[in-house]
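As recorded in TrEMBL, the features of this protein are as follows:
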- Glu37, Asn41, Asp83, Met88, 102-104, 125-130, Thr175, Arg348: ATP binding site (BINDING)
- 507-538: coiled coil (COILED)
- 30-185: domain 'Histidine kinase/HSP90-like ATPase' (DOMAIN)
- 1-348: region 'A' (REGION)
- 566-639: region 'C' (REGION)
Amino acid sequence: MSQAQAKESMQFQTEVNQLLQLMIHSLYSNKEIFLRELISNGADACDKLRFNAISDDSLYEGDGDLRVEVEFDEEANTVTIRDNGIGMTRDQVIEHIGTIAKSGTKEFLSKLSGDAAKDSNLIGQFGVGFYSAFIVADKVTLTTRAAGTTESVTWESDGQNGFTLEAADKASRGTEIILHLKEEEKEFANGYRLRNIISTYSDHIPLPVKMLKQPTPEYDEEGNVKEDVEPKAPEWEVVNKANALWTMPKSEVSDEQYQEFYKHIAHDWQDALAWSHNHVEGNLEYKSLLYVPAKAQMDLWEPEQRNGIKLYVQRVFIMDDTKNLMPRYMRFVRGVIDSNDLPLNVSREILQSNKTIDSMKKASVKKVLGLLGSMAKNDAEKYQSFWDEFGKVLKEGPTEDASNKEQIAKLLRFSSTHTDAEKQDVTLEDYVSRMQEGQEKIYYVTADTFTAAKNSPHLEVFRAKGIEVLLLSDRVDEWMISGLTEFDGKQLQSVAKGELDLGKLDSEEDKEEQKKVEDDAQSLLKQLKEVLEDKVEDVRVSHRLTSSPSCIVLNEHDMALYMQQLMKQAGHAMPSSKPILEINPTHPMLVRMESETDDEQFKDWASILFDQALLAEGGQLEDPAGFVHKLNALMLKLS
Ligand SMILES: Nc1ncnc2c1ncn2[C@@H]1O[C@H](COP(=O)(O)OP(=O)(O)OP(=O)(O)O)[C@@H](O)[C@H]1O
């Protein structure tokens with residue numbers, strides 16, 4: 001007996017039970033969505049077949065009438081969902097249905113707290129998909145045959161103890177799923193209920209969903225039900241509108257319909273935050289329906305993301321595209337673009353360098369930016385919830401998409417010393433409106449954590465003068481800043497890089513005072529330079545510090561120290577440029593050092609001064625043990 005014929009039991013991948021239990025619990029009050037999920041899968045399978053058949057007509061096997069069928073059996077307490085789409089091979093069944101090894105699953109499960117209420121919120125990130133069948137069924141039997149093959153297979157599971165696989169004898173291609181309903185879910189084995197769910201959730205998907213016509217009794221002349229009538233062959237009828245929602249005029253689509261369609265294409269079970277629906281005519285003709293989800297998808301940070309924009313050509317599904325129709329910094333967008341200009345046989349290669357695609361992409365990016373802009377303007381709270389989910393992704397924008405930099409910059413939100421709160425809700429426009437008389441630049445500091453940014457010694461003079469500084473502590477921030485060098489004609493300036501020139505913000509008195517401190521510190525500077533020659537490029541008097549003894553200053557174009565560290569850990573070779581040490585000669589530690597006559601002792605002081613500045617900057621010490629040793633010796637001396 002070949003492997004394909006034997007009945008075989010297999011285990012689910014780890015944690016599948018946990019996930020199923022969580023899903024059943026989370027979606028219990030919304031359980032009828034199982035039907036939408038399974039119909040959506042069937043519709044996707046038909047889309048894939050239609051696309052593959054463009055180059056290989058034989059895949060249709062004489063049946064090009066693509067559809068999803070829903071049947072029920074009240075007595076057996078079952079609901080069946082059947083499609084004549086692409087189907088699955090045995091290996092595909094194992095890969096897609098028998099496992100939960102979707103990218104990001106592990107991370108998702110690791111976030112679970114065990115608190116059912118909290119975890120229910122999290123499941124929103126995890127597309128529910130096929131497994132939602134187990135919300136209502138205690139056994140699921142799936143039989144499938146891949147288009148273009150002859151072997152079919154039956155998968156069966158109770159959602160608890162793994163699954164079995166067995167060779168089947170399916171005459172036609174596609175997938176049939178029988179849900180053996182739980183006793184308490186009997187209500188779903190009912191034609192009226194099923195039709196109702198289909199028209200709520202699947203009315204506007206671009207594929208007919210069919211059910212058998214309800215038998216209507218025949219009456220005699222007296223109005224009595226005729227008995228002994230020859231039973232008619234059951235007839236199928238389309239029970240949804242199947243009118244591809246994006247092709248409908250906006251005025252005819254309700255918010256509920258937009259939301260249901262979103263759930264269908266995004267495989268999300270929560271409402272979208274906003275959408276933009278466009279019918280474009282002119283040089284190019286296309287329709288687009290673009291959604292901003294409410295919650296970050298699980299794989300938002302994976303290099304290879306699933307789904308994205310569905311590309312259609314004249315209502316024929318071509319492919320799910322994650323790269324060509326939206327830039328990476330908009331990878332959270334879900335939707336449909338349906339072109340009238342592209343050829344039906346458009347290939348992945350063509351997509352990568354095609355003028356029509358480029359123009360549609362450009363216009364779609366503008367649409368999403370416009371959508372976000374008006375959300376920010378009209379509903380700050382909603383925009384804030386968007387920012388909290390997707391802000392870090394949008395921050396990739398200024399560097400990735402220079403042509404829309406200004407518009408993206410207006411959408412950015414920051415923490416700042418204005419409130420010192422971690423919440424990112426300060427706009428660059430807010431900042432500019434609060435700039436001081438004579439202030440020419442927008443100041444920021446970057447650090448590994450929010451606390452490190454907030455407590456950075458570089459902020460001391462800014463705090464003393466009441467000048468606002470943006471506090472940047474997301475990993476992406478250094479990258480964002482490399483693309484965002486100015487806003488509203490004002491340069492963005494790191495407070496930790498380069499020579500600090502506060503320009504008009506320093507009074508003549510300040511400048512005179514600084515000059516005096518500098519003159520007085522000349523010999524101390526000279527001594528320090530000699531001792532620290534190997535470690536620093538220069539030692540100079542700081543105008544940034546008011547209460548710390550020293551700080552590290554980087555060259556204008558150097559990456560922040562904590563970023564350099566990260567890059568090194570990731571295996572990148574980093575050029576080793578030496579930093580500058582700035583000192584505060586009025587600090588008691590420096591005053592004490594100046595009077596030190598023991599050379600060895602002075603060296604230790606200098607070394608500690610440098611090392612602690614490095615630590616405050618998120619850098620790593622070359623010789624941490626040496627630092628501790630010197631510090632201890634010093635403390636003992638002082639005791
Ligand atoms: N009716 C079907 N015909 C063919 N393949 C199917 C069918 N149903 C599911 N699949 C395959 O199984 C995979 C997993 O389905 P599942 O519903 O769990 O997730 P999904 O639809 O890909 O996305 P999500 O998890 O976001 O819902 C699908 O991507 C598809 O490859």
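Including glycine, each Cβ sits where the backbone N, Cα and C put it.
Curation plays no part in TrEMBL annotations; they are all automatic predictions.
What TrEMBL annotates, mapped onto the structure for a quick look.
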residue: Glu37; record: ATP binding site; Cβ neighbours (10 Å): 24
residue: Asp83; record: ATP binding site; Cβ neighbours (10 Å): 27
residue: Phe130; record: ATP binding site; Cβ neighbours (10 Å): 16
residue: Arg348; record: ATP binding site; Cβ neighbours (10 Å): 11
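Only residues 6 or more beyond the boundaries of the coiled coil (507-538), in the same chain, are considered here, and those with a CB under 8 A from a CB of the stretch are 577-581, 583, 585-586, 590, 593-594, 602-603, 606-607, 609-610. Mean pLDDT for the region 'C' (566-639) in this predicted model: 86.
According to its DSSP assignment, Phe130 (ATP binding site) is helical. Annotation note: Arg348 (ATP binding site) sits in a helical segment as assigned by DSSP.
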